[in-house]
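Undergrad: Sharing the feature lines straight out of TrEMBL:
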BINDING   143, 144, 145, 146, 147, 148, 149, 150  ATP binding site
COILED    399-426  coiled coil
COILED    652-679  coiled coil
COMPBIAS  576-585  compositional bias 'Polar residues'
COMPBIAS  586-601  compositional bias 'Basic and acidic residues'
DOMAIN    56-390  domain 'Kinesin motor'
REGION    532-630  region 'Disordered'
Ligand code: ADP
Ligand code: MG
């Protein structure tokens, strides 16, 4: 094995025949072993090539047949996988590197005198075959003009035998499609030419249904790179595909005349797009792939040797695009580089997802075998050896058919729903609905949550996951509503000062309403209900946090009481003097009065005898007992709820009374039925003793017995009617009872809020305004609701039930009256309830 030394330009200097390795070159000892872990040195930095499933780009060299092959200079390795170049120093001096005369290039194969057939087999067959399995493939021909790139790629269009890679690839694709009846495979093609950094559609002359964008642009999206405006043609058979290819070739030639283009100075990219859907599986996955067949422009460096005008321009563009291609390839070969300069020119940009990446990549370097072309040949071989360093990670392009996916998911959904239904029926759960909830159902859950929080509902039954989630959601809704309500209630009643709003505080202090410690003037040691103060510059919308004026003593007693029942049991019925508590101030009163006060006396601060006492109805130093306060509440803010409550109760009592009457009647009827039955039995036994007689098959009975039978029949009918009435009444009673409970609870809840607001606001406010506070105004224990006593109305109704004012005759009269009245009341109450619920 020969030791090889990498020359700076990428070739290999053969060591054997020549002097020992120079010291500097020793650093660059390098062996090309594609799949082994390799250590390379570059600028004294060590790095490693990953040993993985990555694949090297395959680089082949095709030598153009010539009668004048430079046997002396060009030699192939024994395995036909390397080319050695040897130059006689004296003869070529000055043309190539003055020092170097030997190079060795390792390749994947040298194609010398190879038929088009062999070239295709060696170079393209596998790439095309894998494309049908979803791998992208790129085959590129590189080399100087006339070296045979076009011959390799397209071949002789007039001679079938000499057809190139392109037509053969199309043939292979369609043959493979035929072999795969299980898949619906579509083939599309496009043909792009890049000339002087401009894009040309070589198939633009064909009818095409699709967006035609001019000028064409290269667009990148998550799916890859595509050329906007380039026509992509669906082909269902080989022949159509060939027609497209020939059309493109013809256009290429025509353009070279009409547009004065030199066809060897342009890059051509023929792309075959494959998309395969399974016919048998309802799989939503499908595969796509793209085969790029690239015929690059001549790589000779024309610019060097005094070209001018059009030629110079072309040369500049070609030099640029090919050197950008080379740069991109060097970057791709360097695994430490994470940025690849693809966007420097149209060629690399258009091929961004076809160079390296997940593609199978093959390079065919076309060279002359003539000694005269050695300089360009060396340059081409260097390019090939660089390309060989590039690794790719071929991967299948799998995509999802959204429409099929939706269909499959829908099927799955139906199946799962059926599964659920079976589960439910096995678990004796009937009529569980798993559909998304509508507004009414959500409102019902909201009401359940409210009742649960209030204590009127012991537990919320679990129905399904959706319902559980909605319950949690409604908890959040109710909580935030309650927080807002508390704050609004406080704001309605009090002007709050933000403790951090120094301007507001100082304004209040200036007005003499608060001392420096935040205590209200006139309240020694800061005791008293200080929050009724109106700061003149208090900003609305800011959360108030003042707590200094809170009376500690009171607070503790308030806490104790607040924690217990608002109204103790039967206390409600106890009549208590109303003089203990005057109604609390109405909204805005405090502020208005304070302002009025300022108007009348600008200089004098308000009297030290607690300005509040003059400004608002006096607040007692200790809050009134709850029963007393409750009486006031019922006359004041709770009057409407109280009225509804009472009305509901009177309806309830009336129903109860009727139910008891009906029961009495039923009992009386039952007694009579029993008596009649007895009498009838007696008559029957009498008849039997006296001997029966028949007439024409009919039993003959006497009149008395006949009347008894009629009576019994009548009684039974009455019994049934009354019994039905009673059942209806019981249902009504149950319903009314529910309404009464609800009203009672609401009354107490509202009272609780009112009571706390009226007498304990400082502390409540502190709690309420803390973010994330768990305050739930109006919450009272269930036991309290249950133990709430009946009021006077109750007693009166009970009295009515036992004693009628004007004897039994008045029953129907009163009944009718009460009925009419209560029907109206009932309707009114229901409307009222609905309104309050809506609120
Ligand atoms: P390029 O595209 O690289 O400029 P072409 O493919 O046009 O070169 O080749 C130039 C000429 O050489 C063409 O006439 C072509 O038929 C001929 N030629 C190139 N390679 C071969 C080959 N392997 N066998 C036969 N003729 C070839
Ligand atoms: Mg060509």
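Residue 1 is the first one shown; counting continues down the chain.
Note: Cβ is positioned from N, Cα and C throughout, glycine not excepted.
How buried are the listed features, and what sits near them?
TA: Under the DSSP three-state reduction, residue 148 (ATP binding site) is assigned to coil, being neither helix nor strand. Residues within less than 8 Å, Cβ to Cβ, of residue 148 (ATP binding site) and separated from it by at least 6 positions along the same chain comprise 62, 64, 366.
If you look at the coiled coil (399-426), the same-chain residues 6 or more away from its ends with a CB under 8 A from one of its CBs are 277, 282-288, 432, 434.
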Undergrad: What other residues of the same chain, not counting 143, 144, 145, 146, 147, 148, 149, 150, have a CB atom within 8 A of the CB centroid of the ATP site?
TA: 64, 141, 151, 264, 298, 366
Undergrad: If you check the binding-site residues 143, 144, 145, 147, 149, 150 one by one, which have a CB less than 6 Å away from any atom of ligand 2?
TA: 149, 150
Undergrad: Say we define neighbours as other CB atoms within 10 Å of the CB. Which of the binding-site residues 144, 145, 150 has the fewest?
TA: 145
Undergrad: Taking the Cβ of residue 149 (ATP binding site) as the centre, how many other Cβ atoms fall within a 10 Å radius?
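TA: So the number of other Cβ atoms within 10 Å of residue 149 (ATP binding site) is 28.
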Undergrad: Is it possible to get the count of other C-beta atoms within 10 angstroms of the C-beta of residue 146 (ATP binding site)?
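TA: Taking every protein chain into account, the count is 15.
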Undergrad: Indicate the candidate from 143, 147 with the smallest number of other Cβ atoms within 10 Å of its Cβ, considering only these binding-site residues.
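TA: If we count Cβ atoms within 10 Å for the binding-site residues 143, 147, the smallest count is at 147.
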Undergrad: Kindly state the mean pLDDT of the coiled coil (652-679) in the predicted structure.
TA: 91
